[in-house]
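Chemist: Attaching a single structure in C-alpha cells format; questions to follow.
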Amino acid sequence: MAPPKLCGTNYPVSIAFIVVNEFCERFSYYGMKAVLTLYFIHYLHWDKNLSTAVYHAFSSLCYFTPVLGALIADSWLGKFKTVIYLSIVYVIGHVVKSVGAIPDVGDSTVHVVLSMLGLVLIAFGTGGIKPCVAAFGGDQFDEEHTEERRKFFSIFYMSINAGSVLSTIVTPILRGDVKCFGGDCYALAFGVPAALMVIALVVFIAGSGLYKKSPPEGNVLVCVCKCIGFAIRNRWKNSKKSPKRSHWLDWAEEKYPKRLIQEIQMVFRVLVLYIPLPMFWALFDQQGSRWTLQATRMNMDFVMGVCFCVVKMLNALLILVFIPIFDMGIYPLIGLCRIKLTPLRKMAAGMILAALAFCAATVVEINVIVLLFCLRIFYFCRFINTHTENINITVGTDEFYAAANYGISQNISVPRGEYNGVVCETNTDQYHIDLGLLDFGAFYTVILSKESNGLTFKKMEDIQANDIHIAWQVPQYVFITAGEVMFSITGLEFSYSQAPASMKSVLQAGWLMNVAFGNVIVLTVAEGAGMEQWTEFLLFAGLLVAVSIIFSIMAYFYTYVDPDQLDKIFREDTDDEKVGSSDSKKNEAVSLNDMPKQTKM
C-alpha cells in the first residue's frame, strides 16, 4: 500500500512529522547554546578563555559524533530506532544540564560535573541523530520523486533556521527577565530546550506508522574496512603477476561481491570531493565569534541588547527569506538562460560568495581600525563642581579633581565603557553616580550639584560620539547566507543522492564532519597565526578562493551516478547453492562510468 500523501501532492505525510521534529530539536540545541557562554562566565565563574575553549570543544564534539550515529543506524539499529534511542540520551543530557544550573543542588564542583556530563550527553545525542534524520527524511520519497525530495531538503533546512531564530530570542529572555533562586534563571533557560526535545521525540514517535523504514545493512563499516584492507594486500602481493585493473579496489574481487566494491568506490569518490570543503565552514562559523566581536565595536547604542540579538539572528532570518527566493526565482531564471547549474557548480558558487563575504568583512574591519585609530578609542570628559566643597572623582582608574564653587576639572581621556559606579568624594561625604555609556570620540561635560537628597549630576555631550553603524555588516551576512543556501542545502541533498542505500547515513556524517574540521582550522589560525583581524579575514577569503578553484577542477571530472541503479544491475542471491551455476552472471562487473550520468537533484 502506497504511503498517504499531503493534499494530493507527491509529498508523503510522514515528512511533516520529520520537519516538526527537526524544528523542535534545533530549538532545543540552539536555545541551549544561546546562553551557554554566559552560563560559563556568570554561573560557573570561568574566565573568558576557558569558557570559549569549552564552548568550541562542545561544538566540535557535536559534529564529530555524527559518525557514531551513522554507523549505528546503517549497521545495527536502522535510522528510526537510532533517532529514538539517541533522542532519549539527548533528553537526559538536557535534564542533567538543567539540574546542574540549580544553585541549591550541591556546590560549584557538582555544578561543573553535572554541566559537563550534560553537555557530553547532548553532544552524543544531537550528533548521533543529525545524519539519521536528514537521510531518513530522504528515504520517505519514491525513486521517481526526485524534485520533491530536493525541495524537502530546502524545507528541512528552513525548519532548522526557524528553530534557531525562535530559540535565540526566547532563551535569553528566560535567562535575564525571569528571576529564580535570587538571580538569572539558567535552570529555566536550559529547561525549556529540554521540554522542546521531549516534544521532538514524541512527534517523531507519533509518525511511526507512516514512515518508510529501511532495515540496517549489517556491520557496514567492518565489511568496508576488510574489503579495503584485502584490496590493498592483494594488490601489493599480486600486482606484478596479475594484469592491471581499472581501480585499485577491484583487487578485492576475489573475496568480496562486486556490488560492495562499487558502493565503496561511490563513497570514496564523494569523500575525495569533501577534502577542500572544511574551508567553507571555517569561514561560515566565524559568524558566532569573529563577526560578533567585530559588531561589539560598532553602533554602541545597540551592542549590549538589540544589536547583539540582531547579529546573532541575521543569518537565520536571511535563510528563511533566501530559500524560497532561490528555489522559486533565481534557479528557474538561470535555467531559462540555458545555464546548466549542477549541484557541484552551486556549491562552488556558494564558496565564492562566502569569500566575498569575508572581503566585505575585511573592508568593515579596516574602517573600524581607522576609526578607532583616529579616535584613539578614548573619550574626553571634564567635571564642573557647583558644590561648596571640593570633589575628587574616580572614573575607572582615572582621577579628576574639581574645586568648589564652579571649579572645572582638567580634560582627561579614558577608555570607552559603561561607568555605573563613579565615586565622588568630598571632605565629609562619599557619593556614587551613574554616568552610563561614554562612547567613542565624544566630549562630555558633567555638572555636579548638591541637592537635599545628595549629589546630582547632569551629563552633556558637547561633541557627539562617532561610530560605524551595524548596517555595515549587512552585506557580509547577505553574501555568507546566499553562499550557505547554494552550498549547504545543495551539499546535504548531494550527499544523500550520491550514496548507496547501505551508506547514506555514513555519507551524511562525512558531510557533517566538514563542519568539525572547519572549526579546527579556525582555532589553528586564530591561536597560531597572531595576525591582525583584517589580515586574518583577508587570508581566509584568499584561501577559500583558492579552495574554490581546486574544488571546481575536481567537480569537472566528477561523474554523477544513480546509486539506485545498483538494485537493477546486481540481484541479491537468497540461496547460493541453487544459483551456483549463475554466479558469473550475478557478479557481472559494472563500471561507475557505465552508469547513467545523471543526478537525482
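In case you wondered, yes, glycine gets a Cβ from its N, Cα and C as well.
What TrEMBL records for this protein is below:
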type: COMPBIAS; residues: 573-588; note: compositional bias 'Basic and acidic residues'
type: REGION; residues: 573-601; note: region 'Disordered'
type: TRANSMEM; residues: 27-46; note: transmembrane segment
type: TRANSMEM; residues: 53-77; note: transmembrane segment
type: TRANSMEM; residues: 83-100; note: transmembrane segment
type: TRANSMEM; residues: 112-136; note: transmembrane segment
type: TRANSMEM; residues: 156-174; note: transmembrane segment
type: TRANSMEM; residues: 186-206; note: transmembrane segment
type: TRANSMEM; residues: 266-283; note: transmembrane segment
type: TRANSMEM; residues: 303-326; note: transmembrane segment
type: TRANSMEM; residues: 347-380; note: transmembrane segment
type: TRANSMEM; residues: 506-525; note: transmembrane segment
type: TRANSMEM; residues: 537-558; note: transmembrane segment
Chemist: What else in the chain is close to the transmembrane segment (53-77), if you only count residues 6 or more beyond its ends and a Cβ gap under 8 Å?
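Modeler: The answer is 29, 33, 36-37, 40, 46, 83, 85-86, 119-120, 122-124, 126-132, 135, 216-222, 285, 502-506, 508-510, 512-513, 515-516, 519-520, 523.
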Chemist: Which sequence-distant residues neighbour the transmembrane segment (27-46)? Criterion: at least 6 residues beyond either end, Cβ under 8 Å.
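Modeler: Non-local partners: 52, 54-55, 58-59, 62, 90, 94, 97, 101, 108, 111-112, 115, 122, 126, 163-164, 166-168, 170-172, 175, 184, 186, 189-190, 192-194, 196-197, 200, 312.
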Chemist: Give the one range among 83-100, 112-136, 156-174, 186-206, 266-283 whose Cβ atoms make the most pairs under 8 Å with those of the transmembrane segment (537-558).
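Modeler: Looking at each of 83-100, 112-136, 156-174, 186-206, 266-283 in turn, the most contacts to the transmembrane segment (537-558) are made by 266-283.
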Chemist: To the transmembrane segment (186-206), which of 83-100, 112-136, 266-283 is linked by the most Cβ pairs under 8 Å?
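Modeler: When the Cβ pairs under 8 Å are tallied, 83-100 comes out ahead.
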Chemist: Thinking of Cβ pairs under 8 Å, which stretch from 83-100, 112-136, 156-174, 266-283 has the most of them with the transmembrane segment (506-525)?
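Modeler: Looking at each of 83-100, 112-136, 156-174, 266-283 in turn, the most contacts to the transmembrane segment (506-525) are made by 266-283.
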Chemist: By Cβ distance under 8 Å, which residues at least 6 away from the ends of the transmembrane segment (112-136) in the same chain are close to it?
Modeler: 18, 21-22, 25, 29, 32, 39, 44, 58, 61-66, 68-70, 72-73, 79-80, 82-83, 86-87, 89-101, 105-106, 153, 156, 211, 492, 496, 504-506, 508-509, 511-512
